[in-house]
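Per Swiss-Prot, the features are:
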type	residues	note
ACT_SITE	Arg236	active site
ACT_SITE	Glu265	active site
ACT_SITE	His283	active site, proton donor
BINDING	Thr78, Arg155, Ile156, Asp175, Thr207, Cys234, Ala235, Arg236, Asp260, His283, Leu284, Gly285, Ala286	NAD(+) binding site
CROSSLNK	Lys21	SUMO2 cross-link
CROSSLNK	Lys21	SUMO1 cross-link
MOD_RES	Ala2	N-acetylalanine
MOD_RES	Ser14	phosphoserine
MOD_RES	Lys21	N6-acetyllysine
MOD_RES	Lys58	N6-acetyllysine
MOD_RES	Thr78	phosphothreonine
Amino acid sequence: MAFANLRKVLISDSLDPCCRKILQDGGLQVVEKQNLSKEELIAELQDCEGLIVRSATKVTADVINAAEKLQVVGRAGTGVDNVDLEAATRKGILVMNTPNGNSLSAAELTCGMIMCLARQIPQATASMKDGKWDRKKFMGTELNGKTLGILGLGRIGREVATRMQSFGMKTVGYDPIISPEVAASFGVQQLPLEEIWPLCDFITVHTPLLPSTTGLLNDSTFAQCKKGVRVVNCARGGIVDEGALLRALQSGQCAGAALDVFTEEPPRDRALVDHENVISCPHLGASTKEAQSRCGEEIAVQFVDMVKGKSLTGVVNAQALTSAFSPHTKPWIGLAEAMGTLMHAWAGSPKGTIQVVTQGTSLKNAGTCLSPAVIVGLLREASKQADVNLVNAKLLVKEAGLNVTTSHNPGVPGEQGSGECLLTVALAGAPYQAVGLVQGTTPMLQMLNGAVFRPEVPLRRGQPLLVFRAQPSDPGMLPTMIGLLAEAGVQLLSYQTSMVSDGEPWHVMGLSSLLPSLETWKQHVLEAFQFCF
């Protein structure tokens, strides 16, 4: 999936002019139209392969399914809540974001919110504008010596931590992915959630909105917090249960809250916004000139680099595709797809478990990107759905009734060939096993069911191969096969045979085109199949 045919991009939200310029300088056609209805968006996408949005455009399943040419959706920002990821993935559409673009702006807003909560600056400003001079009402608290709990220690959480440490705050945090050692490297003591609640004077959330993070702060967790805790949410509406927050504010369990995001935007229920101890903004986390310019620039560069085959970054729904752009991994992706195509041609439409096994130091972590490529080869011929690719392979293989396992064989130290990088694809419990490798940048078939090819058989994209197994003692076999090719009007381009395995070698013929039928062939050989990937 090289995206070489991605030629036209629609920008449907307001972005910095640098975005359009970078795309055009990269050879892409660009259309900019904003405030489109769903119907207008679908109409505009009919001749566009790419779409770039901010948060206003809703890329729903209806839009995705109606956009026949759409290949890539780019989100100029971090959150992809406005893109139906499941629908995009099912259709094989790549979704990208710019995770670095607005990190600093979001972190700075969070820090500003913490300071405003501590000193009630917005409330005091409103009082002054109302003609009042009320010094006693707005008694604040120092940040120095207070404990800040940071839930989510990604880019934004880290930036918040280092800035608030400068105010003398002690920073503790929680992140299921970041290790305690990494957290400690930027001054955060990582603790379990149940230990964080009673410790913190301030809590700020910086997680994506997932089922596991929805309502992370709720009636139960507020009850475990220190009385008078202050809460900041500049991440995603819904991470803090808004009803529970209001009850905590009303009871005094929560002394104040700063909200840049809401479950519904704009919020129709004004109870939180109107509460005197709540500071609120209309989702301004990324609303700085620098962030908008950075996000527009980053997503445009990502599109151009992708089209030119240089690199792929910011991928949300297809990590395997990122690896496909690596110079080392790219030929192995091609081998994996070829092996999957071979396996489908050989075993028919297999059911059960396909085993994908890597061997060799450089392939230690490659299984997760190679197995989707094997699936692409397996399903591409059999699937009656949309094109199978590295984006939707894992989703579609389950629906095809197949289970795919991935493992790594480190080899036995000192054993001959143990350091060789190999890819094995096999159907569990059935006599179908193929082993391949990469020579230079060329995928090669090394073995079929233990029968070794010396030299290996090149697996070149677009090159039809006929594979068959026959008795080694039949001297008339090869002339008969060549005669059958001539009758079908197919030229023989190459021919290789394996070493004898169980008395029967495998033969591989490179052909000018696939044969119309193998029925006649199967009368002369023990087994035969053909494929082209």
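Backbone N, Cα and C define each Cβ position, glycine as well.
By neighbour count, meaning other C-beta atoms within 10 Å, the densest spot among the recorded positions Ser14, Thr78, Thr207 is Thr78. Rounded to a whole value, the Cα-Cα separation of Asp260 (NAD(+) binding site) and His283 (active site, proton donor) is 5 Å.
Shown are the binding-site residues Ala235, Leu284; of these, the residue with the fewest other Cβ atoms within 10 Å is Leu284. Closest to Glu265 (active site) in space, going by CA atoms and restricting to the recorded positions Ser14, Lys58, Thr78, Thr207, is Lys58.
Leu284 (NAD(+) binding site) sits 19 Å from Lys58 (N6-acetyllysine), taking the Cα positions as reference.
Taking Ser14, Lys21, Lys58, Arg236, His283 as the recorded positions under consideration, the smallest Cα distance to Ile156 (NAD(+) binding site) is found for Arg236. Neighbour density for Ala286 (NAD(+) binding site): within 10 A of its CB lie 26 other CB atoms from the protein chains shown.
Only Ala235, Arg236, from the recorded positions Ser14, Lys58, Thr207, Ala235, Arg236, place their Cα within 10 Å of the Cα belonging to the residue listed as 'active site, proton donor'. Every protein chain considered, the tally of other Cβ atoms within 10 Å of the Cβ of Arg236 (active site) stands at 24. For Glu265 (active site), the count of additional Cβ atoms within 10 Å of its Cβ stands at 11 [all protein chains shown]. Each residue contributes its Cα atom, and for Ala286 (NAD(+) binding site) and Arg236 (active site) those atoms are 12 Å apart.
The NAD(+) site in the record is lined by Thr78, Arg155, Ile156, Asp175, Thr207, Cys234, Ala235, Arg236, Asp260, His283, Leu284, Gly285, Ala286, and its two most distant CA atoms lie 24 Å apart.
Sequence-distant neighbours of Lys58 (N6-acetyllysine) (same chain, 6+ residues apart, CB-CB distance under 8 A): Lys38, Asn82. Once Cβ contacts within 10 Å are tallied over all protein chains shown, the recorded positions Lys21, Ile156, Asp260, His283 are led by Ile156.
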